[in-house]
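For Cys39-Cys90, Cys53-Cys78, Cys61-Cys122, Cys79-Cys138, Cys92-Cys150, the entry in Swiss-Prot reads disulfide bond. Taken from Swiss-Prot, the feature signal peptide applies to 1-27, supported by sequence analysis.
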Amino acid sequence: MASNKVVFSVLLLVVLSVLAAAMATMADHHQVYSPGEQCRPGISYPTYSLPQCRTLVRRQCVGRGAASAADEQVWQDCCRQLAAVDDGWCRCGALDHMLSGIYRELGATEAGHPMAEVFPGCRRGDLERAAASLPAFCNVDIPNGPGGVCYWLGYPRTPRTGH
């Protein structure tokens, strides 16, 4: 009888140890693989975020002619700015914040129909697709989107929350 209690106690300790280790691993996983409270403008990326990417996205949206050396420099600068956002989880947030800034600059609302023009020759959906695809083009990691495309691209009619 006493040996059964010892075996049961040992098994209970083993199970509790395994559960404690699993909980610690899950907590570490959540901390590493999810956006934190620090993913905000002025904290994880500048308040006026990604100025070269703003230029690039607007040029892409209107389908400006042949690429020039200046355009290549804008691409490189944009990719450097996007890579400089230290936390991969925050990159889509920085792009979303950038789009919000573009809309404010143009006097457009943040939410709207994807086919609506935000400026001559540029529809909202095209502008958002150009921004959402930058991580893939720049080959920077974003852990929250398939194929390097920001998750909010899949929901063009859903207003973005902004940051």
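Cβ atoms are placed via backbone N, Cα and C, with glycine included.
Recorded features from Swiss-Prot, shown on the structure.
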residue	record	CB count, 10 Å
Cys39	disulfide bond	20
Cys53	disulfide bond	26
Cys61	disulfide bond	23
Cys78	disulfide bond	21
Cys79	disulfide bond	19
Cys90	disulfide bond	24
Cys92	disulfide bond	27
Cys122	disulfide bond	20
Cys138	disulfide bond	18
Cys150	disulfide bond	26
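Each residue contributes its Cα atom, and for Cys122 (disulfide bond) and Cys150 (disulfide bond) these two points are 20 Å apart.
A separation of roughly 16 Å, to the nearest angstrom, links the Cα atoms of Cys78 (disulfide bond) and Cys90 (disulfide bond). Note: the CA-CA distance between Cys150 (disulfide bond) and Cys138 (disulfide bond) rounds to 13 Å. Cys79 (disulfide bond) falls within a helix when secondary structure is assigned with DSSP. Comparing the Cα of Cys138 (disulfide bond) with the Cα of every entry in Cys53, Cys61, Cys92, these being the disulfide-bonded residues, the smallest distance points to Cys53. DSSP assigns Cys39 (disulfide bond) to coil in the three-state reduction, placing it in neither a helix nor a strand.
In the three-state DSSP scheme, Cys122 (disulfide bond) falls into the strand class.
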